Amino acid sequence: MAASELYTKFARVWIPDPEEVWKSAELLKDYKPGDKVLLLHLEEGKDLEYRLDPKTKELPHLRNPDILVGENDLTALSYLHEPAVLHNLRVRFIDSKLIYTYCGIVLVAINPYEQLPIYGEDIINAYSGQNMGDMDPHIFAVAEEAYKQMARDERNQSIIVSGESGAGKTVSAKYAMRYFATVSGSASEANVEEKVLASNPIMESIGNAKTTRNDNSSRFGKYIEIGFDKRYRIIGANMRTYLLEKSRVVFQAEEERNYHIFYQLCASAKLPEFKMLRLGNADDFNYTQQGGSPVIEGVDDAKEMAHTRQACTLLGISESHQMGIFRILAGILHLGNVGFTSRDADSCTIPPKHEPLCIFCDLMGVDYEEMCHWLCHRKLATATETYIKPISKLQATNARDALAKHIYAKLFNWIVDNVNQALHSAVKQHSFIGVLDIYGFETFEINSFEQFCINYANEKLQQQFNMHVFKLEQEEYMKEQIPWTLIDFYDNQPCINLIESKLGILDLLDEECKMPKGTDDTWAQKLYNTHLNKCTLFEKPRLSNKAFIIQHFADKVEYQCEGFLEKNKDTVFEEQIKVLKSSKFKMLPELFQDDEKAISPTSATSSGRTLLTRTPAKPTKGRPGQMAKEHKKTVGHQFRNSLHLLMETLNATTPHYVRCIKPNDFKFPFTFDEKRAVQQLRACGVLETIRISAAGFPSRWTYQEFFSRYRVLMKQKDVLSDRKQTCKNVLEKLILDKDKYQFGKTKIFFRAGQVAYLEKLRADKLRAACIRIQKTIRGWLLRKKYLRMRKAAITVQRYVRGYQARCYAKFLRRTKAATIIQKYWRMFVVCRRYKIRRAATIILQSYLRGFLARNRYRKILREHKAVIIQKRVRGWLARTHYKRSMHAIIYLQCCFRRMMAKRELKKLKIEARSVERYKKLHIGMENKIMQLQRKVDEQNKDYKCLVEKLTNLEGIYNSETEKLRSDLERLQLSEEEAKVATGRVLSLQEEIAKLRKDLEQTRSEKKCIEERADQYKQETEQLVSNLKEENTLLKQEKEALNHRIVEQAKEMTETMEKKLVEETKQLELDLNDERLRYQNLLNEFSRLEERYDDLKEEMTLMVHVPKPGHKRTDSTHSSNESEYTFSSEIAEMEDIPSRTEEPSEKKVPLDMSLFLKLQKRVTELEQEKQMMQDELDRKEEQVLRSKAKEEERPQIRGAELEYESLKRQELESENKKLKNELNELRKALSEKSAPEVTAPGAPAYRVLMEQLTSVSEELDVRKEEVLILRSQLVSQKEAIQPKDDKNTMTDSTILLEDVQKMKDKGEIAQAYIGLKETNRLLESQLQSQKRSHENEAEALRGEIQSLKEENNRQQQLLAQNLQLPPEARIEASLQHEITRLTNENLYFEELYADEPKKYQSYRISLYKRMIDLMEQLEKQDKTVRKLKKQLKVFAKKIGELEVGQMENISPGQIIDEPIRPVNIPRKEKDFQGMLEYKKEDEQKLVKNLILELKPRGVAVNLIPGLPAYILFMCVRHADYLNDDQKVRSLLTSTINSIKKVLKKRGDDFETVSFWLSNTCRFLHCLKQYSGEEGFMKHNTSRQNEHCLTNFDLAEYRQVLSDLAIQIYQQLVRVLENILQPMIVSGMLEHETIQGVSGVKPTGLRKRTSSIADEGTYTLDSILRQLNSFHSVMCQHGMDPELIKQVVKQMFYIVGAITLNNLLLRKDMCSWSKGMQIRYNVSQLEEWLRDKNLMNSGAKETLEPLIQAAQLLQVKKKTDDDAEAICSMCNALTTAQIVKVLNLYTPVNEFEERVSVSFIRTIQMRLRDRKDSPQLLMDAKHIFPVTFPFNPSSLALETIQIPASLGLGFISRV
């Protein structure tokens, strides 16, 4: 093909660019041979003239078509060159966020510097078992390929991971090991990977350091061998380390650090256990401060130290060994601080008692003087003598550093050996997979010995890689039987020869090291003389005589010769090693015990690395001379030998390559630096792989793929039935140069660029076809548009004309209407004017007539009022004259009478003064004087009272007098006013005149007011109208608000309904989750049971002797009670007598704990009872004592004061007693903790304590009052007590004598009397208080008595409960607790009758307690049910023991038994639907009906569920006989036999389906005939007569339900295993609609779908398989609801596997594939409709797949598209949507990729969606299964037993 055919206008090319490495451009005109300049248009819009190289005349690289960009395999690109590779990696990394890409056999991994969700267990499961080309590139795909080849080819494998520091090598190796641990199937050994990962903190601390490129750079390489057994399960691992950079221990460059462990030690120096190390800051040590960067940002060295120590402990390194490691490391730090002082040029010394050296010697346990001496001297041995020579300061410093490096290397070896011991397994290793994590090609500004060793190792690895790639290419060509020529590829054997051959660089270096005076300069001259101008790969720099250049496979590297000899020698003085070996520190000699070589070079020196190899198990024996010779091996020689050993290991395995790329140096996530990427691609050999592939036939197509892709280039006559011949014919026409392609057996091989040429032809053909289609469609559209426009114009004309006619008619109608309106309007105006004038006239007349009438009325009214005024005035004057006259007459009478009274008084006074009158009055008075004397006191008292009354009366009299005086003054004033009133009459007359005038004014004002009133009325009416309008508006607003309220109520109702629906759905989901969890537990239980059986069989086979007493526990109870399941040993040891005799705690573990709790409760109740009894006795004694004191109290008291005192003392003592009693009672109540009623915090307890507190406070108050009374009584007694004790207050004589004295002390007597009355009052109050206290005490005694009775009742109940079984015991205790709380509730209801709030709070607390008790009751019920199930299990075990070892009878023994002759059954009239069999025939029944029954044979012609019916009728007969042993034995044998059948033939779908159907039918029969009302309502009367009468088999129903669940799960696994190989091929890969999807070019990783046995699966295959499943289940009579659940599960598996593969296959994410998927889904839906299964929920399980297919087909450009996608894809997670959009790949050039901005828009819109971050669906998920009750209408008495079943020994009853 000529270049002019490809370099045409608009062709896109790559041109070099200094910034972007390669830049894309477009040709502006065709290229013609001979052109020196190409006119290009750059992507940024600039035009460029690109000049071709005049020597080579090479054209720029062509760019691949857009549909090939982003391919999984770089070898699939049509143009294979550097810019194409770089661009493809960049597009996948930046745009699609894909970090893995294949490049032939190499996996290129780009570090994203971000956590990606692509390493979960679901991803591992998705890649497990898949072929490498079927899925997108991934480290798991490489690991799966290695694992699969190891198992298939029986050959060890290696995964070689290489790359720069920070490229992600260690992480990739870790993920590979995680994959092996997950898929190896060895769960018990999976912690090997955890141990390897646990070793990472240790290896990173001692082998990683901070460099300028990476904060955690691995300064060594490692090779981990993961061992597998014969079953290919992980059994162990072994680690080998390489290239440890020892020089970093003593030297660090700027901005770098030493190994992490040193800084971790310094950061943890303050820990107590590290005080002995005498460490400090890292800046204090020479070996840690050289880089000037002791701290890494974001890293806490102290925490890292803790992690390191934790990892050491996990790997079994003891604390003593850990401290030994830290001592040695601390010693190295102190050794670096040892300083030397020069004596002269050839000698030096160490200062005396040098502190760093002293610390070093103390830590190492060596002698200070000896170490000090050998650090400054060395021993030289000659043939005749040995002498000691001092060394210079520089030599001493180098020797010190060499010793430090040597110690560190030995310690590193020791730690690696201990890690390997922790990872070692005792099981024999069958094969292994090695993971090599090694540093890649290195080139720096200054390159020395270490870069030379690393690049030498990479040359060897690259050679092995090239040979492997070439070998694969050769094998491919030979397999396809095509002629091939030797591919010219870069062979780096000359470079390797330059380094390692005889007289090579290493050989010359070793030779120069042996020379006594050899130097770097002399070695360089030897190199120049030997290789310069003789080897093209060796060059000499122009400006240097101490350097050389080697042309490596990746690049030219200039090495500086300075230091090569010292690094190669790496001399360590033997005397220093001997000093260390003599250490008292035991661990230190262990490091050197394998170091028999005195000065063996084991590593590079100041800046080199070392290759560390494993120490042989046994030291080799040889002659001393040989050993000495062996000791003189140089680093280079040893390095070369170790490298050869590594290459031998790799060559003995099948290698797999992972190349890690560092995208940028700044660790920015998803940032791609083209320069750094190209540099690494060149160095890691990826471009070399591309070049080798491009040299041959890189593009390879199968004939079918080529035909499908390029069918458009063929004519109909070219298409033949033979696809191979068709492709040959077409290619001969399309590509004339036959050297550009080759035909193989199954593939077509193309040279580079040919696929692009075919794609160009295909695109041109499609473009021409599209233009023709567009032309035809556009013409058709324009014709349709013209016809529509013509039709529309005619329609418009018709409507316009009609419109105009209607407008004219409307004008005429309006003219006539206007004339009529004018006529009526004019008549209206005239009529209105006349009416106005007439109304005005009438109004004037009315106003005038009203005015005249009002004037007449006013005149008459005025005259009438004047008459009335005159009448009133005249009457008032007459009355006033009469009153004045009467007053004067009365006054005169009074004056006269007063005068006559005074005269009479004067006469009486004169008579009183006379003697005779006095004598008459006092006759007989002497006799009465004594009587009067005695009444003096009483009179005095009366006098005082009268005086007081008189005083009061005087006050009253004075007030009345004052009142009369005021009345008199008032009367006088009124008299004066009356006089004045006469004068005022005239003035009143004048005022009347004035009033008349005012009346006139008032009338005028009234008129004005009336006018104003009218105006106000009008305004009021206006206001009323306004208010009515406002009212109307308010009503409208009210109605609107009501409407709004109704709407809100409706919305709230809808919201509540939605919430209810959501809550219902959530409850359903929770129920399904619980079912799923329960069924998963059943699944796990069955798996463990099978595992147990397998192990038991293995043990039996191994021992060949059955072990008695070790039988497997039958799984006949629900695994939901797994926490109560006992082991088989315990179950077998128990029997019926022992269970009945042993205490309850030995029966069941829960009974033990319950018994202990009850026993503790009994003890507490007894203690409480004893305390209550003591309290009661104490109270009774106190009552008796108080009664005795009351009886002994004197009945008569001598004096009233003594009586008061005694009474006070009695009350005080009684108060003290009551207070003490209350305190004791409070204390007793507070100490009681058993009853819940009296518990602190209970309502009853709080009420009682409040009452006690109030009583106590009242007692304190009364006590204070008594004390005050006592003090008053004492003072009063002292005041009134007489001096003579013999006199008493009752003496009448003394009273008579002291009457006068008492009169003088009247106030004291009155005070005494008042105090006495007060005393009596207080006494009565105290007595009432005492009575109340006694009542309260009595009430408390009653409460004590009630508590005592409650205690006795509790004890009785407890005694009764202890006699009950555990289940009834728990239930009775809970029922009693509820009864007690109910009584307590009634009591508190009465107590709080007047306080509803307190009662409400009490009720709330009571409800909470009741709820807690109900929950406890439910839990206890569950526990009871579980215990019942366990008891059933025990009973079953005992039954098995009684039956004997029936299961051990071999089938042969059963066959040899005599078989009774089978009679022809006849139907009996009185048949009861029961079957009778003998006890010894049970095994025969199980064998014929279950074990040997084949669904495909005899069972095909049976009634569906016949075995279940037969078994149930046998159970019915055992129930009829009331033989529980027979029922238990039969059910147990049935369940075990079904399990055996399923274990034996569990992979057969028909068998599993058959027994699932029969198990469910058996379960339904047990329910239908259980006698429970809920199950009997569907039965006939005859069926109800067949119900079980003696046994409740509810527990066995649960066991059968669990068995059915296990069978269902096994059925799902079987159909999953059958469907899984068909799903991907049928749903994704097969083209159901031919020609819709085009096949894109693929690379070296061919998909395996083209293989005949797998590629034959189509959608029809899936549908046929579904039909087969459905027909089998229907034939077996499976319940319809159960069939729906099975179909739903099948469709979920189909949808999940299809979607998972779609998410992991970029080649499947296209528009055409979306159409294929939607068509396939529609076919599945059609199948559901045909089977009437649309309501099974199966369609909903395909919703994620449907939405993913729609997502592939919808528009993906604008924001509206994004919104539509977000609303449409509600069944997909955000991660799945973004993944599909990232993977979307156009198959044709007419499609467009999804832009990055659109994907970000989707992510922004979905950021608030709360969904699972998991990418893949769980294809192993099994929906929880339910078994709805399905009663049978079949009558048991009508069932006939076929003779083919061999059940003649069964008789009908």
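Any Cβ shown, glycine's included, is placed from N, Cα and C.
So that you can see what the record holds, here are the features copied from TrEMBL:
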BINDING   Gly163, Glu164, Ser165, Gly166, Ala167, Gly168, Lys169, Thr170  ATP binding site
COILED    915-1098  coiled coil
COILED    1323-1364  coiled coil
COILED    1410-1437  coiled coil
COMPBIAS  600-613  compositional bias 'Polar residues'
COMPBIAS  1116-1128  compositional bias 'Polar residues'
COMPBIAS  1136-1148  compositional bias 'Basic and acidic residues'
DOMAIN    8-60  domain 'Myosin N-terminal SH3-like'
DOMAIN    69-763  domain 'Myosin motor'
DOMAIN    1532-1808  domain 'Dilute'
REGION    599-631  region 'Disordered'
REGION    643-665  region 'Actin-binding'
REGION    1107-1148  region 'Disordered'
REGION    1171-1193  region 'Disordered'
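Features recorded in TrEMBL, as mapped to the structure shown.
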{"residue": "Gly163", "record": "ATP binding site", "Cβ neighbours (10 Å)": "27"}
{"residue": "Glu164", "record": "ATP binding site", "Cβ neighbours (10 Å)": "24"}
{"residue": "Ser165", "record": "ATP binding site", "Cβ neighbours (10 Å)": "19"}
{"residue": "Gly166", "record": "ATP binding site", "Cβ neighbours (10 Å)": "20"}
{"residue": "Ala167", "record": "ATP binding site", "Cβ neighbours (10 Å)": "25"}
{"residue": "Gly168", "record": "ATP binding site", "Cβ neighbours (10 Å)": "23"}
{"residue": "Lys169", "record": "ATP binding site", "Cβ neighbours (10 Å)": "27"}
{"residue": "Thr170", "record": "ATP binding site", "Cβ neighbours (10 Å)": "19"}
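The ATP site is set by Gly163, Glu164, Ser165, Gly166, Ala167, Gly168, Lys169, Thr170; from the centre of their CB atoms, other residues of the chain with a CB within 8 Å are Asn111, Asn214, Ser218, Gly440, Cys660, Lys662. In terms of DSSP secondary structure, the region 'Actin-binding' (643-665) contains 9 helix, 8 strand, 6 coil. Looking only at the coiled coil (1410-1437), the predicted model's pLDDT averages out at 64. Taking H, G and I as helix, E and B as strand and the rest as coil, DSSP gives the domain 'Myosin N-terminal SH3-like' (8-60) the counts 0 helix, 24 strand, 29 coil.
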